[in-house]
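Undergrad: Can you read through this structure? Questions will come right after.
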Amino acid sequence: MARKKIALIGGGQIGGVLAQLCALRELGDVVLFDIVEGLPQGKTLDIAEAAPVDGFDVQIKGTNKYEDIAGADVVIVTAGLPRKPGMSRDDLISVNSKIMTTVAEGIKQYAPNAFVIVISNPLDAMVTLCQRITGFPTNRVVGQAGVLDSARFAAFIAWELGVSVKDVSAVTLGGHGDDMVPLVRYTSVCGIPVMELLERKYGSAEKAAEVMAAMVKRTRGAGGEVVALLKTGSAFYSPASSAIAMAESFLKDSKRVLPTCAFLNGEFGVDGLYVGVPVVIGAGGAEKVLELKLNAEEQAMMDKSVKAVKELVATLK
Ligand code: TXD
């Protein structure tokens, strides 16, 4: 069986970490594309020279030519500007739409059979644009946001409760914006509902609710928290890890259930829109959306988030 091929469009902060993770996990041969000459070549040379130390054996190449992504099984897109302090993700739409247009045309021409994972912001709009321009079936174009938003939520819960991050199961729904929906009721530690543990810790339902509200708020603002600290860019380690989890599930047909920005055809009462929901990812791409029952409060939050995504997508030219 031929080795898998992973094309990474955008060789910046996230792109570089993606390339290194693909190599370390030997997911396949890697092509890192960027428009800046020397940048993808320099990063891939640097990573390739670590192979004898780390013990991975894959080909890894940097390029400024779309031809080199030919035959890619997976394409992960990070091309586009990141936020600066004070900016919202939506502020990036005009410049990143232009970039996404050329990127999607390149993918359409040279990697017509690939599973595409978009990371560029504003995520929900960029994945929509990528699908429209490539014309690929919607199960083959998805966005990464929910794995990261859920991981951030899970990390805060683990730190708060003093338990391993491995044993927290958390999920967020909705758009990758300030209205995202962390689902407290479905969040558990080794199967134990998280609110039970918080109530036991604090001895009062009110205090537990207060602590949870703070974690939900921090999750919604977690991207901005990193931007404010870095000052010159946004998070890049955790977004890369999150997209790799999705790519790996596709390449290995693992059928992991991952919060994914996927195209909805009536699921969750949403039709014809990309929104973050739990999705089975396997060799067929986004194979199945798993619905879950929302109570009135959760549904209201989901509706608000979906409305924000709709308004954002409507501004795409
Ligand atoms: O979870 C998520 N979805 C995200 C998304 C979490 C954090 C950051 N997220 C967004 O990813 C962020 O707001 C940006 O829109 C993207 C990429 O973030 P990164 O931190 O990697 O940005 P960089 O370091 O600026 O890298 C972007 C690269 C840079 O090297 C440019 O030269 C390149 O994109 N670029 C292009 N590549 C290919 N083709 C074109 N046209 C192009 N234009 C710029």
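Every residue gets a Cβ built from N, Cα and C, even glycine.
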Undergrad: Looking at the NAD(+) binding annotation from TrEMBL, with GLY10, GLY11, GLY12, GLN13, ILE14, GLY15, ASN96, ILE119, SER120, ASN121 already listed, which candidate in ASP29, ASP34, ASP73 is the matching residue?
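TA: Of ASP29, ASP34, ASP73, ASP34 joins GLY10, GLY11, GLY12, GLN13, ILE14, GLY15, ASN96, ILE119, SER120, ASN121 in the NAD(+) site that TrEMBL records.
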Undergrad: Sequence gap of 6 or more, C-beta under 8 Å: which same-chain residues meet both conditions with respect to ASN121 (NAD(+) binding site)?
TA: GLY80, PRO82, ARG83, ARG89, LEU92, ASN96, HIS176, SER234
Undergrad: Identify which of the following binding-site residues, namely GLY10, ASP34, ASN121, ARG152, place a Cβ less than 6 Å away from any atom of ligand 1, and list them by sequence position.
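TA: Result: GLY10, ASP34, ASN121.
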Undergrad: When the domain 'Lactate/malate dehydrogenase N-terminal' (5-143) is classified with DSSP, how many of its residues are helical, how many are strand and how many are coil?
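TA: Counts, helix then strand then coil: 67 helix, 25 strand, 47 coil.
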Undergrad: If you count the other Cβ atoms within 10 Å of each Cβ, which of the binding-site residues GLY10, GLY12 comes out on top?
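TA: Counting Cβ neighbours within 10 Å, the top one is GLY10.
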Undergrad: Could you tell me which of these recorded positions, ARG83, ARG89, ARG152, HIS176, has the fewest other Cβ atoms within 10 Å of its Cβ?
TA: ARG83
Undergrad: Rounded to the nearest angstrom, how far is the Cα of ARG152 (substrate binding site) from the Cα of GLY10 (NAD(+) binding site)?
TA: 24
